[in-house]
Amino acid sequence: MKYIRPVWLTHSGEKKDFEVYSCHVSPDGKRLVTAAGDGFVRIWSTDAIYNAPDPSYSKPKQLCSMSNHSGTIHSVRFSGTGKYLASGSDDRIVCIYYIDPSPPSEFATFGSNEAPPVENWKISRRLIGHDNDVQDLGWSYDSSILVTVGLDSKVVVWSGYTFEKLKTLVSHQSHVKGLTFDPANKYFATASDDRTIKIWRFTPPGPNSGPHDQMNNFQLEKTISAPFIASPLTTYFRRCSWSPDGNHIAAANAVNGPVSSVAIINRGAWDGDINLIGHEQPVEVCAFSPRLFTRLDPAKKPFDPKTSPVHTVIACAGQDKALSVWITTNPRPLCITQELAVKSISDLAWTPDGKTLIVTSLDGTVVALVFETNEIGYEVSLDENEKALAKFGAGRRGAGIVEGTDGLLLEEKSKEGEMRGVEGRMGALMGDAGPSPALVTNGNGVPVQAQGLLTNGASATPALTNGQAHEQDAAKPDEQSLKSREDPNAAKLERLKSRVTITKDGKKRIAPLLVSSAGNESSLPRTQLMASSSNQGAQNDQPQAILDLSKPFDGLPKGGLASLLLGNKRRLAAVEGVEDDHVEKRIAIASQDGAIPILSNTTNGLLPAKHAVAPTGQQPTPEFIRPAVTNPSLTISQVRLAVPKIRSHIVQSFGGSGLAANGGNANGSDQSTQTEVMIEARNPTQLSAVGRVHDQEPCRVTVTKRGQPVFQDYLPRSALLVTGNKDFWSIACEDGSVYAWTPVGRRLINALVMESQPVVLECQDQWLLCITAAGLCYVWDMVNLSSPHPPVSLAPILDIATHSLQEHPTKAPAVTGARLNSEGRIVVTLTNGEGYAYSPSMFAWQRLSELWWMVGSQYWNSTDSSVGNLRSTSALGNDTSSSNVSAGVIPFLERTTTNETLARGRAQILNRLVKQLLSREGFEGFESGVSIAHLENRIAAAMMLGAKDEFQVYLYMYAKRLGVEGLKMKVEELLRGLLGGIYEDVEGKGKAKPPARTPEDRHWGNETDMLCGWPRRELLKGVILILGKNRDLQRITVPYAKVLGVMEEQEEGGDAMVT
């Protein structure tokens, strides 16, 4: 063994050398990287280090130096492929570097004495994820992930492809100071000042994986604390190491009684009784040599593991400034080098051939120890390393056994779209994903899509070719297309902006315009949910925002909505004959003992409440609560809904956005006239002329269009609710009657008599929904004058079964919204956050959204834009088919669940419960199981509602998750269900079939070639392309791919699906 300590191999300063905290050797063994307290990352030539004693050596010594940190750099590591270099510093930032093949600058940096760089290393990313110093970092052996640890007790996992943060592991209770990876690529271990080493199991993520896909990855396997119970907390690092055969972990800063030692932990059982004792002070760093060795020379005698067993070599160092080298076949160290440095040794790094050890110290020393061939043994071939790791499943997952050439062809076609998605993700993370509605084909700049689309409120840019815009591509659209996209409220807004008022002194001033006064639409710019992925046909199944359910919701200030609008403080009203301070003194005296004085909130201000004599005897019913008087039908009903108050004047306008939402003209050509169509109901405001309470004046109903009356009618009772669209008008009265008219005023039907007062009246196309105070829901087809099902009660969804078992009536969840879809399905939301829809074919309510999915599913996302993109693109094509009207119902219900839950603070409690469940035995697959069930719930809901676009999005998300989990039985069942009767002969045509209450393609077992509006062949092909890259499933997917002819198709642009 010889020592090489070049004079130039240091981080020199003006007065002293800086502390060197870390070092590492590149996988090809040609570069050594060091990091020190001067904030520089320096890359050295290992060939120059070996030839340091040779004075005739003239090649460059320092290859590059980089200063991108603002503090001390604690760790620096090359990736396993050698493509990237990572550094972590006490500025809380992790920097990623890559080597640029272009030649570097021939001049040194201005103001420094650094030599000109030989290699052109550039910074690629700055990763921000820690709240304190980054103490150590490491790459997995396949470079699929980068893991960083720090003094904030966090373990942060980053993607090795896109450098996106995949997961943050918060399990340690103190500073995390060490990290090592399993060479079999199954585990990594972290060492902390909480005197534990935690073993984490992981599955290498794919190139296109994001945080959403890895929520169930990186699970805690074992916490080891026995060797570290009394370990000191004075060490700067706890750098452990994993043996190259995967059998052992060498853990630094362990103790064996009162003596410092290095604990050897066995794989699998995660225990061990072997300790390396020989250091007088705590050991801070351990490093296994990456090669396996044997005592016999393989060149003289062929290697045989039976006659010449292999062994590993480990080096240890720490605060005693000594270095010890151990061989696993010897109970004593091979050598111990005392006083190798003046201060503590900070890091150790072996070269890939396992013969040279690099040692760094806090005194600035960088030493290379070169071992002779027979000192530590003869290295065996790398095949022996692979054989030793094969028993742990190294490289087994994802490789699989290829069933044939068809499997490889299917895998290629599946990965085409995946790599295209990786490029899109990389561009988005680098800020390159700007608005690009005008696509470029082969660089000739021919726009594919229509101009004028808005992305995040910014207008579209013309197509670019080589950075220059073509004049013909950037031409302005014609006047007709501009007029079709004009804002209907723009002219009205301009008039309001230029409105002139005359002040008291006779001067003219332009009145300020409030944001809320600009008609029905806000004058503020609105962002349009249209991601760039929708233009390429790709769908992003990952959330745009992650909800923090661990914090309480504080959206409203104290006092609720009233204090938000009026403020918490109001002045006292002026009382004639009473001084202001006298009233304030009375209130202050009443508040001395903690009592709250009763004040009346009047329009002029606050007034002390007046004493009044309590009324006695029977009191007349106030006029304003007349509909709330208990109906006889409510006395026997378990459901009692609040009845709206009678308003003297009810105005409902239709047209523009209102009519378009209800199935009217969505092109916007007649919006200026449609907005002026309205229906008015004027209820009597005084007693009847005859003086009897029951004989009131009639309610006057008027429909006007552009200020001109269309028709006028009179109703005997006061109106409660009004609704309508382009097909009919409808009014519900206080006596439980429901009336309907055609658009020109002809009565459609006789008055429909309900059992109690209507509380909800909604319409959609030809459907009319009425919910009464007794909780009964009526749905009518006003074109065919029929009903799809008998009246259905809200009792099942209001937890009646639970609340009716109690001794006294209790408050059940209230209805926050009720609406219809294009097929007349009732959709109801409640105050507890749950969303329901009634299935006429099943004659039962179905729960589509609930709190359980919110706290347990990894796919819960209130801002999911995937369906929004589909809805936006279909609207651009003027696609107003009925199959698209239901789009957005499921995301709307899930957003409602999120808002209601956060507003009531239940999310914090349930999130705490789920976290406790995840740490219990038997709940290891909790998140995965709930997430898959949530996707299955979404698919069933989309099929029941007929939401065509949502069904496809959720089906592909479901297929992707099944492929990741490797659930073969569910995959086979899904493919069989999608195949259906495409290639089956229709038998038994003469058999009688039960009458169908739903379209034929709304269930998996239908005999048509359609499923929820999609051709089965198209859905099956998309699922097969998603699952094709999973070799474990190719035995199932290849036969289906052959049937569809996926491998025989010629490759065309856009043929591969982006997954």
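The backbone N, Cα and C atoms fix where each Cβ goes, and this holds for glycine too.
What TrEMBL records for 458-469 is compositional bias 'Polar residues'.
According to TrEMBL, the feature compositional bias 'Basic and acidic residues' maps to 470-489.
Residues annotated as domain 'CAF1B/HIR1 beta-propeller' in TrEMBL: 29-376.
The domain 'Protein HIRA-like C-terminal' annotation in TrEMBL covers 745-978. This prediction places the mean pLDDT of the domain 'Protein HIRA-like C-terminal' (745-978) at 81.
Positions annotated as region 'Disordered' by TrEMBL: 458-489 (among others).
Feature annotation from TrEMBL assigns region 'Disordered' to 517-541 (among others).
For 20-45 (among others), the entry in TrEMBL reads repeat 'WD'. Long-range contacts of the repeat 'WD' (20-45) within the same chain: residues 9-11, 13, 59-78, 80-82, 85, 87, 89, 95, 97, 119, 121, 346-353, 358, 360-362, 364-366, each at least 6 residues beyond the stretch ends and with a Cβ under 8 Å from a Cβ of the stretch.
Broken down with DSSP, the repeat 'WD' (66-97) shows 0 helix, 18 strand, 14 coil. The repeat 'WD' annotation in TrEMBL covers 66-97 (among others).
Here TrEMBL flags 127-168 (among others) as repeat 'WD'.
Among the features that TrEMBL reports, repeat 'WD' is placed at 169-200 (among others).
In terms of DSSP helix, strand and coil, the repeat 'WD' (20-45) has 0 helix, 17 strand, 9 coil.
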